[in-house]
Each structure stands twice: as structure tokens, then as C-alpha cells.
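Novice: One structure is given below, represented as C-alpha cells, and several questions about it will come after.
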Amino acid sequence: MKIACLAGDGIGPEIMAEAKKVLAALDLPDIETADADVGGAAYKAHGHPLPPETLALCKASDAILFGAVGDPSCDNLERHLRPEQAILGLRQALTLFANLRPATMFPGLEDMSALRPEVAREIDLLIVRELNGDVYFGEKAIRTLDDGRRQGFDFMSYAEDEVRRIAHVAFRAAQGRDKRLCSVDKANVLETSQLWRDVVIETSAEYPDVELSHMYVDNAAMQLVRNPGQFDVVVTGNLFGDILSDQASMCVGSIGLLASASLGEAQTDFGTFGLYEPIHGSAPDIAGTGKANPMAMILSLAMLLRHSLGLEAQAQQVEAAVAKALEAGVKGADLGGGAGTAEIGDAIVDLL
Ligand code: ATP
Ligand code: MG
């Protein structure tokens, strides 16, 4: 199995180094890593933020571990040469259609949440958002009607195969967790959502061990702040997922703790091809100071082990080590603590 490591810009290389320490400490047989340039670093070395050799390495790998892209010194470049284009180009070129964002409350961090501590304490959920379809990609325009008024429109659609493939990802994710899946739609108003619901129900026949429920998106937004503890895995379309995943991340707190996965079609016997990255950016303001919290990067590695390599036990081991480090008071500056990047990585390795 091959993991492509794209560290990128800013704090990317610093946090990637800590994730690699953790991977090495797991001492897994038959895993190799390969590095490639991406983002501003790639522009400076090769003249493009996503060079052909980087894309080729990604295509030849089983999974991608991605740091961050973004470099203020590249702000004046033409849009297609900017570092941020690299991640958009990768998602498109590799058909990464499923975005997974776990939101878990780590013990002792309840004060960082936008919710009351006793409510926040119950959060342990995973949002699975469809990334390649919905109203974002349908025909859209602002046109002028015969009477001179302007009208904007966006065509919302989902084909059944698009719904089925994201449903499979969500059911499989639920099987690896508490085996409860809530599908969020607006089936009382939207035909797109009615088809979504029908296809999710059809797909559920293949996952009899997972308990399926349905919720309208307006209610889901309310329930997410009222009682987030009721959710295990939530699956939803591109538009609703965009909003709900940002809402969920604020319920947990620090940006330095949140990991994400973008999954593609199954390419291996074990699981699904995917790209794994922290939700935060390249943090140029703290790059080179040794203050970056590598936990989101290390938790992204845990997601890689789970979803692309099928190593659920090792994924849980890494997540437990991060939780224990936090409980022991190993906290970065983003959490009001004083631990540096390497110190946090070393503590997690010790706890493994
Ligand atoms: P992008 O556009 O790439 O998402 P951004 O401008 O939204 O970037 P980030 O790079 O995510 O911003 O940084 C936002 C703030 O959070 C910065 O002050 C940064 O220092 C801080 N930050 C981000 N990631 C971390 C981290 N891992 N550890 C500590 N602080 C972080
Ligand atoms: Mg940002």
C-alpha cells in the first residue's frame, strides 16, 4: 500500500512530519510513503501548484495525506496558478465525491464549544457530505425575462447512481461506528430529495445491521444544536452538507483538532481511495514558529487508516492516543496551552 504525502505550504510540512512519526510508530507492514510538492511550494519549484508528477503519484497511490496549501507570496498570481487551485484540481481529477467530517468532543475541551458544556459533551458524530453533484453543478444563470425583470436560477439534480455511491460510503462508515445513519433531506418539498430518500432506503437493504432514519434539513439544523448527542453518522447532499458541516465543527471548537476525508471510488480490496486533510489552512502567521497543533493532521491519518486501508483498530488506537494526550494536558497554543508541534507529536507517539 502506498500513501502519497503532500505537505504543501506554511505549517503543512511541520504537521506532516508529526503525522509521519505516528505512522512510523504504528510499525505497519507493507506501507510505503512517497512525497510530492503541492501548492505554493510546487509553484516555486515547478511553475504549477499541481504539477503532473504530483498528480501521477496520487493516481498511483492508495491514499493521499494532505497538509495545507496557501502562501501569501502567491496572492498576486493568476487564479489558475494560485496554491488553493491544487486541492480543487485534485478533487476534480480524482472524483473525490464524499466529504467526511467527524465532530467529536474531546474530554476537557467543552469550554471551547459554541454550545453549553453539558450539551457539547455528547457530540460524537460524522457528517458525510456529497461533493460532486446537487445545485452547485447544475445549469445556472441570471437571465432577463420578456418583461425586463432579471431572474436567477440554479438547477438542482441528483442521479440515482450519484446518491447510491454516497449512500454506500455512509452505510460503511456507520458500520465502523455506532451503526446508526440519519439521512438529511427536504423530501417534503424537493423531488431531488424524494429520489435521494428512495435510493438511500433501497441501499439500506444491503446494510441490515445499520439503523436508518430520515430528517428534514431544517429540523436537522435545529437538532444539531439542541441535542447533537442523538447523531452518529449523518449523510446529506452537497448544499445541506456544506451548511451542516460548518455548523457541526463550531459545536466542537478548535480548528487545530478537526480532520476530514474526501473519498473517491473504491480502488482497492480494502476500502476506498481518498484524500485526508485537516480542515484548517496553512496558517502562514504561525509557520516556522513550532506552535502549530498537529492533532488535526494526525487525526486525518487515523481517517486514512480507517477508510482507505481498512485498519479500523489502528485508527482507533491513534484517536485514543490523541484523546489521552489532551486529557494529560498536552495542548497547543490554539487550545490555550504551551505545547509545541514536535512535543505534541512525541506525546502522541509515547501514548501509542
Ligand atoms: P485557508 O484559506 O487555507 O482555509 P485561513 O485563512 O482560513 O486559511 P487558517 O490557515 O486555517 O486560515 O488559519 C486560521 C487561524 O487559525 C490562524 O490564526 C492560524 O494560525 C490558526 N490555526 C490554523 N491551524 C492551526 C493549527 N493547526 N494549530 C494552531 N493554530 C492554527
Ligand atoms: Mg479557511
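A Cβ is built for glycine as well, from the same backbone N, Cα and C atoms used for every other residue.
These came from TrEMBL, pasted as-is:
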{"type": "DOMAIN", "residues": "2-348", "note": "domain 'Isopropylmalate dehydrogenase-like'"}
{"type": "BINDING", "residues": "R91, R101, R129, D218", "note": "substrate binding site"}
{"type": "SITE", "residues": "Y136", "note": "site 'Important for catalysis'"}
{"type": "SITE", "residues": "K186", "note": "site 'Important for catalysis'"}
{"type": "BINDING", "residues": "D218, D242, D246", "note": "Mg(2+) binding site"}
{"type": "BINDING", "residues": "G281, S282, A283, P284, D285, I286, A287, G288, T289, G290, K291, A292, N293", "note": "NAD(+) binding site"}
Novice: With Cβ-Cβ distance below 8 Å and at least 6 positions apart along the chain, what are the contacts of Y136 (site 'Important for catalysis')? List them in sequence order.
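Specialist: Set apart from Y136 (site 'Important for catalysis') by at least 6 residues yet with Cβ under 8 Å, we have N238, L239.
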Novice: Under 8 Å between C-beta atoms and at least six apart in sequence, can you list the same-chain neighbours of R91 (substrate binding site), or say none if there are none?
Specialist: L131, S262, L275
Novice: Would you kindly give the Cα-Cα distance separating K186 (site 'Important for catalysis') and D218 (substrate binding site), rounded to the nearest Å?
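Specialist: D218 (substrate binding site) and K186 (site 'Important for catalysis') have their Cα atoms 8 Å apart.
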Novice: Report, as a single number, how many Cβ atoms besides its own are within 10 Å of the Cβ of D218 (substrate binding site).
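Specialist: Result for D218 (substrate binding site): 13 neighbouring Cβ atoms inside 10 Å.
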Novice: Long-range neighbours only, meaning 6 or more apart in sequence with Cβ under 8 Å: which ones does G281 (NAD(+) binding site) have?
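Specialist: When sequence neighbours closer than 6 are ignored, G281 (NAD(+) binding site) has G10, A68, V69, G70 within Cβ distance under 8 Å.
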Novice: Sorry to bug you, but what's the C-alpha spacing from R101 (substrate binding site) to N293 (NAD(+) binding site), rounded to the closest Å?
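Specialist: A Cα-Cα distance of 18 Å.
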Novice: Relative to ligand 2, which of the recorded positions R129, Y136, K186, D242, G281, D285 have a Cβ found under 6 Å from one of its atoms?
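Specialist: Cβ under 6 Å from ligand 2: G281.
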